[in-house]
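Pulled from Swiss-Prot:
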ACT_SITE  ASP63  active site, proton acceptor
ACT_SITE  ASN129  active site, for ring-opening step
ACT_SITE  HIS131  active site, proton acceptor
ACT_SITE  GLU136  active site, for ring-opening step
Amino acid sequence: MNILVVKTPEELAEVGYKLIEEVVKTKENPTLGMATGSSPLGIYAEMRKNKLDTSRVTTVNLDEYVNLPHEDKNSYHYFMQEQLFDHLPFKQTYVPNGMASDLEEECKRYEGILAANPVDLQILGIGENGHIGFNEPGTPFNSPTNIVELTESTRQANLRFFEKEEDVPTHAITMGIGSIMKAKQVLLVAMGAKKAEAVKELLQGEYSEECPATVLQRHPNVTVIADQEALSLCSEAIADEHRQVFTISDLLSDSRVGETAN
């Protein structure tokens, strides 16, 4: 597991973009696993700013709310259109359909899409309780795409995007932890003190379904980009022989960003 230490959201965005750019430029027909929320916003802005050639790129999104129309500004369909799909010409884009009449069938359909489009790089944020995607504590590590009931803590964390609490959806479709782990490479981004406990569990905690992010301890190719606040509860042991810690000056001055993905 590689840990890339940054000071600002702008640095996180630039380093994250370079990792994505490397995949897009070196793979013939790359597939990117996309996340939503505030964590990847800067990275998506860099993709727009740099006019990344996405004409060969297929995207698959992690999740979508259930019963939230695609045109709703808080749906992840809307989010992706606003952030990327209306700005860059992708080969193909997929987002789970939370409006499907048969949600179980939609989960199976989406698993088929993932099987046909193996993910080269999966972007992840991390929840304060360690969730990845909408996979809450207690989710089996081998879970496929599934329907989940959102915990109260997750709904409260997402309340800032909605006008009132009752507008926050109670359920979502999410790629399962087993689905996420099939990605060839994972890029997890974390900023701020609110993520510190979850990041500590990810890097130093016990491998346990009680903290979904700890599954990444067993993934062969994970890069974590985090600031000092997000790393504030971690011991210096994170710089042991299993992990590499770089600073922004290391990363942007040479080719080491690409090397962390190998």
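Cβ from N, Cα, C; glycine included.
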DSSP, reduced to three states, assigns GLU136 (active site, for ring-opening step) to coil
Number of other Cβ atoms within 10 Å of the Cβ of ASN129 (active site, for ring-opening step) across all protein chains | 18
Cα separation, HIS131 (active site, proton acceptor) to ASP63 (active site, proton acceptor) (Å, whole number) = 13
For the active-site residues ASP63, GLU136, which one has its C-beta crowded by the most other C-beta atoms within 10 angstroms?
-> ASP63
Using DSSP and three states only, what is ASP63 (active site, proton acceptor)?
-> strand
Sequence gap of 6 or more, C-beta under 8 Å: which same-chain residues meet both conditions with respect to HIS131 (active site, proton acceptor)?
-> PRO137, THR154, PRO212, ALA213
